[in-house]
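As written in Swiss-Prot, here are the features:
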- 78: active site (ACT_SITE)
- 141: active site (ACT_SITE)
- 165: active site (ACT_SITE)
């Protein structure tokens with residue numbers, strides 16, 4: 001399969017974003033998949049246009065977006081995105097939407113059509129912290145996952161799409177002893193394992209849910 005993997009530019013006054021750092025270190029061939037890479041701005045208003053133009057000019061079987069989730073201690077494939085922008089902080093264009101629908105003609109939520117449980121289990125099988133997430137937040141990460149679902153629904157019915165959040169890397173938590181992080185090479189290994197699992201036509205039937 002031809003897979004586009006995206007990462008984000010740094011945001012919130014940070015100098016690094018582990019999502020893009022990890023994406024740049026992925027091999028160009030993973031299993032039977034050919035990997036293209038794209039850096040996205042952390043911008044509500046710009047990401048849709050960039051994704052739209054990229055999909056209009058290239059054929060991809062899968063788009064997998066990667067984002068930073070500071071405070072998480074595991075690599076977390078996302079199950080679902082919701083139709084809301086509700087930004088706790090401004091994006092890199094100083095835009096801070098609050099309680100705004102992403103697409104007025106879109107569904108309340110879009111579920112990733114990738115085998116998210118198989119991807120999560122593949123990460124865990126590498127001896128790495130992995131967990132299935134049921135919330136991509138309400139910042140630009142959720143926005144991108146929702147927009148991909150919207151595009152699949154309205155324009156690209158055969159497109160497979162998903163999102164994975166990754167933790168901070170150690171240099172981001174200097175002076176923050178209680179904040180979890182993960183070495184970049186482990187994030188790269190986890191993403192590689194997840195991408196390999198995309199080959200699964202059907203997801204695994206595993207109890208990876210949560211009680212809260």
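Each residue, glycine too, has its Cβ placed from N, Cα and C.
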Other C-beta atoms that fall within 10 angstroms of the C-beta of residue 141 (active site): 25
Listed in sequence order, residues with CB under 8 A of residue 165 (active site) and six or more positions away: 66, 67, 68, 69, 72, 75, 76, 78, 133, 136, 141
